[in-house]
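What TrEMBL says about this protein:
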ACT_SITE  Glu97  active site
ACT_SITE  His147  active site
DISULFID  Cys186-Cys222  disulfide bond
DOMAIN    23-233  domain 'Endonuclease/exonuclease/phosphatase'
SIGNAL    1-19  signal peptide
Amino acid sequence: MPSPHFTFILTITWVAAESLRVGSFNIQVFGQKKVENEKVLRHIVQILKRYDLVVILEIRDKKGTAFQKLLQDLNQQSNESYASYVSEALGRTTSKEQYGILYKQTKVAVTGFRVFPDPQDKFERPPLGFIVNLKEVSLKFGWVAVHLDPDTVEAELNALYENAETFREQNKLKNVLLAGDMNADCRYLSNRKMQQLSLMKDTRYFWLIRDGYDTTVHSNDCALDRMIVYGDKLKSAIKGQQAQAYRYDSEMKLDPKTAKHISDHYPIEFEIEKTNKTKKSATRRKLKK
């Protein structure tokens, strides 16, 4: 009696690559007025749900409760829990601001929060530094968050370079991200002055957002918000090696008035793609005679 014949069928399934989304968002004068407006707060939460890690700029809230209300609503409407950090109020004038950080605890670990010392008073608001560990891609980098004064952009950007170098060396970091509202374009910073910046001359620092790329809700082409990376591992991990603005007005189909009630800036963001995985399976099937 002849032996039965079998054939093996190999099935290869590609699992679509997911990505981690990282952002920085200047929510213009974020405080009680915005959290008390249910429509505006709902839109802000919808925007922030996009991110695994996001830094909020321009928190101005003397009561100190607006950011906690934002975190509460975000967690109520998200499938994953966000943790948070909020800095002390910073600034030379009575109009002080805080930095806020929101991150998904299952995907991101954030440690070592530190407002940079500014004994020579070079900044209107000193930068905030911290260390990020992206758990799912085994990537560690330092983050320097900034909101620079539009009247002294050139001086503050050069001071930022000095701070970034010190931060990197003290923490033995191979990868660093500088991100925030830098006011580094248009009437605040000419192309000639831009080319003279230490952050431009040192080619180890790579600007993810080009000049003239619009990061504002207003009808102009100004790249006021920027992301700058140091380190090959971080740079190569960023999808397309570029950042972009999330144009929430068009994406969420908001009218101009509603959009401007949220902010005069768009969030800026980039994605870090996880490695594609394949699943292989084999089945044995008896051939019919």
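Each Cβ is built from the backbone N, Cα and C atoms, and glycine gets one as well.
No curator has checked TrEMBL annotations; they are predicted automatically.
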Quiz item: Far apart in sequence but close in space: which same-chain residues, 6 or more away, have a Cβ under 8 Å from His147 (active site)?
Solution: Asn26, Leu57, Glu58, Glu97, Tyr99, Arg125, Gly180, Asp181
Quiz prompt | Winner by Cβ contact number (other Cβ atoms within 10 Å) across the recorded positions Glu97, Cys186, Cys222 | solution = Glu97
Quiz item: Which of the three DSSP-derived classes (helix, strand, coil) applies to Cys186 (disulfide bond)?
Solution: helix
Quiz item: In terms of DSSP three-state secondary structure, what is the assignment for His147 (active site)?
Solution: strand
